[in-house]
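> Pulled from Swiss-Prot, these are the listed features:
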type     : residues : note
SIGNAL   : 1-20     : signal peptide
TOPO_DOM : 21-232   : topological domain 'Extracellular'
DOMAIN   : 24-154   : domain 'FZ'
TRANSMEM : 233-253  : transmembrane segment
TOPO_DOM : 254-260  : topological domain 'Cytoplasmic'
TRANSMEM : 261-281  : transmembrane segment
TOPO_DOM : 282-304  : topological domain 'Extracellular'
TRANSMEM : 305-325  : transmembrane segment
TOPO_DOM : 326-340  : topological domain 'Cytoplasmic'
TRANSMEM : 341-361  : transmembrane segment
TOPO_DOM : 362-387  : topological domain 'Extracellular'
TRANSMEM : 388-408  : transmembrane segment
TOPO_DOM : 409-421  : topological domain 'Cytoplasmic'
TRANSMEM : 422-442  : transmembrane segment
TOPO_DOM : 443-490  : topological domain 'Extracellular'
TRANSMEM : 491-511  : transmembrane segment
TOPO_DOM : 512-587  : topological domain 'Cytoplasmic'
Amino acid sequence: MKKLNFLICIINILFLFVNSQDLKLGGSCELIDSNSPCFSKLNYTDFYLQPGDSITQLNKNVSDIIRMLEFTTPECKPNAINLICLKSYPKCETHNETLSNNTNIIFNLPSLPCNSICLIAETPCKIFIDNFLKDLSCSSKFSNGVPMFPINSTDFEFKESGNFDFNFNVECNDNIIYDNSSSVINCPAPLLNSKDHVIPGKTTYYYITDSCILDCPFEIYPGKTKILDKTNYTLTSISFITCFFMILTFGVLPNKITHRMESILSFACGGCITALSLFIQSRQDNFNCSSDPGRFKSQSDYLCLLTGLIFQFGAITSIFWAPMIAYDFYITSRLSKIRKFGLYRIGIWSLIFVLTALPAFGGKYSATVATSCWINSDDGSAWQYISFYIPSWCAMGLLCLFSILSVINVSKMYMKSPNRRILFFNIKIIITSLILLFNLTFASSLKFYMEDKMDTYFDAIAVWAECISKGDPSQCELHAPGYELKALNVVVVSILGFCIFIGYGLDPIVIQIWKESEKLKWILKKCGLNDFIKLGSETTSTTNTSGSSGSGSEKRQSKIRMSKLSPPPPSIDTTNDIPINDTLGEN
């Protein structure tokens, strides 16, 4: 259906002159120009030129049409060329008549293509004729009711009151010259002939028509793709660095990993893994292209399968652990803790592995014209929805729910005990959750925009294809819509790891973790750097659980004394999952 829509666009542009419903008489017999594309395809030399028509313009129009027939099929093309030549350059018959006053008058008449010739072309070209070449239908008629493709002959009547009344019967033209070259499809560069390049059993070829495929690489946004790639690489590198820092801080250095730390650690791991898939692709030019001309990589190309699995696993990991972070924040704002965290852990990781492996079993990991190796849905299948979008929407729904509930709890907390420090920390976490929610929502919503604009994309490709069929491809530029949204999508996806760093990586507790890390102290001691790099001494207070402001013992003690008046902010706990509350932090 996509190929059909594409052809409708380009043929409607070029076949306007064929759609004339008038047969104009009073024309002239002209020699078929050697520059005519039909010069070698007709067995006569004179054709009927309608009054007002130009031979030069006629030659150009027919040449453009024949070039566009490269987008049809080997069965249709030669028959369509033959029919178009007979219709555009009808054989001219001259009738010389003598009037009653002994004056001679000449009548030039066209010999129209026979219906039998039309039927030969109609069968292989039926889909094209029915949809956009209706005037080439064998039942078509001129505006005066005369058949365009007569069965045997056409009657022409000329009357002049009191002077003459002539009737002429002109037999139809059944000329057929088979040209072997006419059946060869010559796809205009940079398109490739599917007959020469499509390998049986291989997939991920993109057909423009039944005979022509896109070459690889193919840029939807020419001249802008490199800008997107560089932006994506830069932002992803920043995100990777911040995620790596979060992994060190909450997964390697802590003396004890709490539930909140594990959630942040899992999210950061997902960000690093997602970035890794981009780094693998960036090591190879035109990564999406296979070694076979015109074929985009599919799951049979192991590197494409690997990057697809890595990206899917990393993206789903970050998406699934984002609501867990929000849930932990919501529970903490209620001065409680998560029960049965181990069950959540098992459930989330199991679902992540299943959703990553499922498309692989269906053979759906492949590159496309617009995306790198991931789940391919060009065939309209539901693999992307089942394996990514629906689970992601569920996760985003939970993220939204817990963010709203957290806002309510924080507002109640502030109303009872106003504290700007607590409010600032809570607002920072809430804003981080909202940014994550926006990023994930925008990234998933872009799919619906792209699908809604699919016809617009094919219109743009149609204009581009018309251009390359006429002349130098380097002068033809594809103007596809949606570049701004595509660029914004690159940004929002690339900064996911950086967002979680802003929310949790800049908390004062991070400094505390690094200072109190026994692993870091051991490394410094082994390297002989412990005398040069002094870490803070480990506190013996069992109530040092907030850590959201200040790092000295005096500040922590002051914080404990004030705990009955105002609960501290739900920051990242270094010893347990309960912040200091009105029981002085005792659990």
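Every residue, even glycine, has its Cβ placed from backbone N, Cα and C.
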> Using a Cβ cut-off under 8 Å, which residues of the same chain at least 6 positions beyond either end of the transmembrane segment (261-281) come close to it?
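Sequence-remote neighbours of the transmembrane segment (261-281) are 232-233, 236-237, 239-240, 242-244, 246-247, 250-251, 254, 287, 303, 306-308, 310-311, 313-319, 321-322, 324-325, 328, 341, 345, 348, 372-373, 496-497, 500, 504, 572.
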> The transmembrane segment (422-442) vs the transmembrane segment (305-325): three or more C-beta pairs under 8 Å (separation of 6 or more)?
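These two stretches do touch.
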> Any contact between the transmembrane segment (388-408) and the transmembrane segment (305-325), i.e. 3 or more CB pairs below 8 Å with pairs at least 6 residues apart?
yes
> Which residues of the same chain, at least 6 past either end of the transmembrane segment (305-325), have a Cβ under 8 Å from a Cβ in it?
260, 263-264, 266-267, 269-277, 280-281, 287, 299, 344, 348, 351-353, 355-356, 359-360, 365-366, 372-375, 387-388, 391-392, 395-396, 398-399, 402, 433, 436, 440, 496-497, 500
